[in-house]
Amino acid sequence: GTSRQIPQTIIIGVRKGGTRALLEMLDIHPNIVVAATEVHFFDWDENYVKGIDWYRNLMPFSYGNQITIEKTPGYFTSPQAPERIHDMNSSIKLLLILRDPTERVISDYTQVYYNRVESHKPVQLFEDIVIKNGMLNTKYKAIQRSLYDVHMEKWLKHFSLDQIHIVDGNTLIKDPLPELQKVERFLNLPSRIMSSNFYFNQTKGFYCIRSDGRERCLHESKGRPHPLVNSTVLEQLYSYFREHNAKFYRMVNHSFDWH
C-alpha cells in the first residue's frame with residue numbers, strides 16, 4: 001500500500017541554517033517520511049532536465065496518510081528554484097530555516113575550512129576572506145547567501161507568505177519542541193513530537209533525538225567549533241546585515257533576535 005510521492009513539503013534552506021537537524025527531527029513524526037539525501041533537483045540544471053519521474057524515484061515509499069519531505073538548502077538562494085517548484089505544485093508548503101546571518105556566514109566558512117583541511121588543500125583565515133583592502137568583501141559567497149531579503153523577494157513572486165513557514169534555527173538548537181510544534185500546525189499534522197523525543201548531549205553541546213527506542217545524534221560534522229573572529233570584523237558584518245535584516249522582517253511580518 002505504499003508508493004513514491006512527489007514531496008508535498010520542501011525544506012528550501014538555508015545552507016548552514018539547521019536544515020539537517022530540522023529534517024531529522026521531523027522524521028520522528030509518524031505521518032512524515034523524508035528523502036535520505038539532498039536531491040538538488042530544482043537548483044541544478046543537469047538534474048532538472050532528467051524530469052519529474054527521476055525526481056519522484058528518489059523519494060522514499062510512503063503511505064497515503066504520510067507527507068513526503070525533501071530538503072536541499074541550495075534552493076533558497078537559487079534563481080531558478082522558486083519558479084520550478086511553483087510549476088510542479090503551486091500550492092506546496094515550504095519550510096525555511098534561518099539563523100543569525102553573521103553566525104551563518106561563520107558556519108559556512110567553518111564547513112569549507114574543515115573540508116579543505118580534510119582534503120589537504122590550503123586554507124585562509126576567516127578575516128582574510130571577509131576583508132579585502134580594508135573593506136568588507138560583500139562578493140564573498142557566504143555573505144551573499146545571508147542576504148535573506150534578496151532571496152526571499154524571489155520566492156514571494158511565486159508563493160504567498162502563508163505557504164512559507166520560517167523556522168528559527170537559533171531557537172531550534174536551544175529548545176527544539178516549540179519550533180517543531182509550529183511546523184506540525186503549519187503542515188496540519190496531529191501533534192506527535194514530544195519533549196521525550198529529545199535529550200541534551202553534554203559532549204556535543206546540542207540536542208539529540210530519541211525515537212522508536214533508538215537514540216541518534218547529528219553527524220560529527222555538525223556543531224563544529226567556530227573560529228574566534230576579530231570583534232571589529234564582527235561589527236562590520238553586523239552593521240552590513242542590519243538593513244537587510246530589517247527589510248526581511250518587514251517582508252515576513254516577523255522579527256528575529258539577530259544582531
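Just so you know, glycine gets a Cβ as well, placed from its N, Cα and C.
Automated prediction, rather than curation, is the source of TrEMBL annotations.
Database features, via TrEMBL:
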DOMAIN    7-244  domain 'Sulfotransferase'
BINDING   Lys16, Gly17, Gly18, Thr19, Arg20, Arg99, Ser107, Tyr207, Lys222, Gly223, Arg224, Pro225, His226  3'-phosphoadenylyl sulfate binding site
ACT_SITE  Lys16  active site, for sulfotransferase activity
DISULFID  Cys208-Cys217  disulfide bond
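Distribution of TrEMBL features across the structure.
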residue: Lys16; record: 3'-phosphoadenylyl sulfate binding site; Cβ within 10 Å: 23
residue: Gly18; record: 3'-phosphoadenylyl sulfate binding site; Cβ within 10 Å: 28
residue: Arg20; record: 3'-phosphoadenylyl sulfate binding site; Cβ within 10 Å: 18
residue: Ser107; record: 3'-phosphoadenylyl sulfate binding site; Cβ within 10 Å: 22
residue: Cys208; record: disulfide bond; Cβ within 10 Å: 16
residue: Cys217; record: disulfide bond; Cβ within 10 Å: 16
residue: Arg224; record: 3'-phosphoadenylyl sulfate binding site; Cβ within 10 Å: 11
residue: His226; record: 3'-phosphoadenylyl sulfate binding site; Cβ within 10 Å: 13
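Taking the Cα of Cys217 (disulfide bond) as the reference point, the closest of the binding-site residues Lys16, Gly18, Arg20, Arg224, His226 is Arg20.
When the binding-site residues Gly18, Ser107, His226 are compared by Cα distance to Cys208 (disulfide bond), the shortest distance belongs to Gly18.
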